[in-house]
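Have a look at the structure below, then the notes.
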Amino acid sequence: MFKHETVLLHETVDMLEVKPDGIYVDATLGGAGHSEYLLNKLNEKGHLFAFDQDQTAIDNAKIKLADYSDKVTFIKANFRDMKEALNERGIEAVDGILYDLGVSSPQLDERERGFSYHQDAALDMRMDQEQELTAKTVVNEWSYQDLIRIFFQYGEEKFSKQIAREIERRREVKPIETTGELVDIIKTAIPAPARRKGGHPGKRTFQAIRIAVNDELGAVEDSLEKALTLLKPGGRISVITFHSLEDRITKQLFQEATKGPDLPPGLPVIPDEYKPDFKLATRKPIVPSEEELEQNNRARSAKLRVIEKIIK
């Protein structure tokens, strides 16, 4: 069964200031926790469009949200294609959009998906099972330099060179097929003192490969840029991030959007066209409460940022 602890459930949806008759988007359906809470706030005129590129997530959400079937439309697509998918359905603007950028726990926990460094499985890591690029391709075919780049940039891994070198050495003997083999390579490459602290030694490398396979950071940037253009005045976007790379992208995009164009010097009054279109609804990111952290350890690194389109 598709189980997923929803992080910052109330905060994320409540910060959207949901209108009962509004049109909303859940860009990351996952376990449908946020969607369910949001649908509860809509009347018969309100509607939710829920996106996921994982068919399993959609199939399970259809069962979970069966009572709301007339108020929700499920769309199997990467959220970077959200604007086009909504436009195709006649939707040009929406009242709110939410993102939960954590990988759904079921995807991490399903052995055959190849995300987990705790269980041996084929190297896969695709969110969209119809996509061609897999973790096996990255590990066996990407150059030494590209592996260093993704391990360092996406995993913030100190031992990127050592791990890439060991991968290169092993794959010359035979292809690297499984997550277990990759974990063994990582453990060989990382010096013993470093292996003993900071959680599982494979954590950063696996994160880096997953981000690369799914082009996660590129998709986040594309999607958020389009999301800003979809908002009605007064509408809001809530974004939960789980690591510094996504948070940096979100923070920079939001700051850029709230700046407004450069002003000519010496203006006594700022004309409307020079006023920014957006304002931050959260000066500092909202983080989970101690109570939530006790119940769900995966929420530890979560940060929620919210932006609002200004009514002019």
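Using the three backbone atoms N, Cα and C, a Cβ is placed for every residue, glycine included.
The Cβ of H34 (S-adenosyl-L-methionine binding site) lies under 8 Å from the Cβ of T6, L9, T12, V13, D26, L98, D100, each of these being in the same chain and 6 or more residues away along the sequence. Residues or ranges marked as S-adenosyl-L-methionine binding site by Swiss-Prot: A32, G33, H34, D52, F79, D100, Q107.
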Identify, in sequence order, the residues in the chain of F79 (S-adenosyl-L-methionine binding site) that are 6 or more apart from it along the sequence and have a CB within less than 8 Å of its CB; answer 'none' if there are none.
A27, T28, F51, Q53, Y99, A219, S223
In sequence order, what residues of the same chain, 6+ apart, have a Cβ less than 8 Å from the Cβ of D52 (S-adenosyl-L-methionine binding site)?
T28, L29, G30, I58, A61, F74, K76
Taking the Cβ of D100 (S-adenosyl-L-methionine binding site) as the centre, how many other Cβ atoms fall within a 10 Å radius?
27
